[in-house]
Amino acid sequence: MGLDEDEVLKHNKPNDAWVIYKGRVLNITSFLNDHPGGSEIIEPYLGKDITKQFDENDHSENAIKMTKNMEVGDLTKPSKPEENLTIDPTRGLVYQVFTKLNLKAYQDFVNDPKHTKTNIRVFDSPILEPFSKTPWYAIPIFWIPFMLFYSYCGLELGFIPFICLFLLGIAWWTLFEYSLHRFIFHSEPYLPDNPYWIVFHFLSHGIHHAYPMDNLRLVFPIALSLLLWLVFKPGLYNHIMPIAVADAFFAGKLVGYMYYDLFHYYSHHSRPHGKYFSFMKTYHMAHHYKDPFKGFGVSNHFWDIVFGTLLPVTYRPTSLD
């Protein structure tokens with residue numbers, strides 16, 4: 001569809017947002033609030049040509065690819081119909097990944113972030129599909145009772161020992177978060193070329209990198225976090241330390257986990273207030289859109305500094321700071 005600048009200019013509101021990029025007209029309405037730098041960066045340019053500003057801000061190849069999904073026409077000639085995608089996000093992704101992608105194709109697929117207007121579909125089965133969805137509020141609803149119970153049990157040690165172990169658990173979580181993200185969630189370079197391993201990786205983390213803005217596949221699925229609880233709390237900590245010590249330590253670790261998961265959601269779907277939170281949002285978005293093999297810290301970037309995986313992110317202040 002051919003469009004002129006006057007027509008594009010009419011679409012200059014956050015709920016009806018068009019821009020021009022290199023002669024192509026993009027409808028960015030559904031992406032505006034998910035923009036890694038915050039919508040306030042783009043809002044002054046709605047209805048206008050953003051080519052200069054876009055190119056000056058060092059966007060990645062993935063960001064450029066995403067603009068193709070938003071194209072509604074151009075200024076000089078009709079837009080071409082999109083090519084058929086190998087993977088259809090409206091159908092069960094697990095089956096498609098299992099049957100269509102070898103390891104190289106899978107690696108390319110998950111490290112090419114895509115933005116969809118609606119939630120993706122993970123399973124074709126209407127019975128299994130609801131279990132693939134985890135809203136953010138399920139995390140505190142499910143885990144706060146566990147944290148309170150372990151805190152109550154750990155207080156038999158006395159208040160000061162409990163607080164020390166509780167804080168140690170929070171600190172330990174940050175290292176666990178980094179290690180899990182780096183060595184398990186981003187193990188795709190070392191995966192065997194086997195469809196079962198590929199699907200396991202896809203369900204554990206690959207799905208989030210393939211579709212980073214899907215709000216129902218962002219926090220840990222309860223089933224996965226329960227498995228980790230089973231392995232570490234009754235399976236490990238209860239056998240290597242006194243039960244009350246394990247309770248106090250794990251209560252702190254649960255707080256660290258809940259902060260991580262909720263901040264992770266917040267960094268994808270909110271406009272952070274304050275310099276630190278704005279920086280961490282930008283930092284995490286760079287992990288998704290620039291280099292998925294650096295920047296493994298989500299709640300903080302301390303361990304990236306320690307282990308040499310720091311992303312070179314420049315903080316840009318916004319009006320919310």
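Note: Cβ is positioned from N, Cα and C throughout, glycine not excepted.
Listed features, source TrEMBL:
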- HIS35, HIS59: heme binding site (BINDING)
- HIS181, HIS186, HIS205, HIS208, HIS209, HIS264, HIS268, HIS284, HIS287, HIS288: Zn(2+) binding site (BINDING)
- 1-76: domain 'Cytochrome b5 heme-binding' (DOMAIN)
- 135-152: transmembrane segment (TRANSMEM)
- 158-176: transmembrane segment (TRANSMEM)
- 215-232: transmembrane segment (TRANSMEM)
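TrEMBL feature annotations superimposed on the structure.
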residue: HIS35; record: heme binding site; DSSP (3 states): coil
residue: HIS59; record: heme binding site; DSSP (3 states): coil
residue: HIS181; record: Zn(2+) binding site; DSSP (3 states): helix
residue: HIS205; record: Zn(2+) binding site; DSSP (3 states): helix
residue: HIS268; record: Zn(2+) binding site; DSSP (3 states): helix
residue: HIS287; record: Zn(2+) binding site; DSSP (3 states): helix
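Fewest other C-beta atoms within 10 angstroms, among the binding-site residues HIS35, HIS268, are seen around HIS35. Rounded to a whole number, the C-alpha distance linking HIS35 (heme binding site) with HIS268 (Zn(2+) binding site) is 8 angstrom. Averaged across the domain 'Cytochrome b5 heme-binding' (1-76), pLDDT for the predicted model comes to 77. If you take the C-beta of HIS205 (Zn(2+) binding site) and look for same-chain residues 6 or more apart in sequence within under 8 angstroms, you find HIS181, ILE184, PHE185, HIS186. The C-beta environment of HIS209 (Zn(2+) binding site), restricted to residues of the same chain at least 6 apart in sequence and closer than 8 Å, consists of VAL110, ASN111, PRO113, HIS288, PRO292.
With a cut-off of 8 Å between Cβ atoms, the residues of this chain six or more beyond the transmembrane segment (135-152) that come close are 162, 166, 215-216, 218-220, 222, 225, 229, 247-248, 250-251, 254-255, 257-258, 261-262, 265.
Note: the CA-CA distance between HIS59 (heme binding site) and HIS287 (Zn(2+) binding site) rounds to 13 Å. A sphere of 10 angstroms centred on the C-beta of HIS59 (heme binding site) encloses 16 other C-beta atoms. One residue stands out among the binding-site residues HIS181, HIS287 for having the most other Cβ atoms within 10 Å of its Cβ: HIS287.
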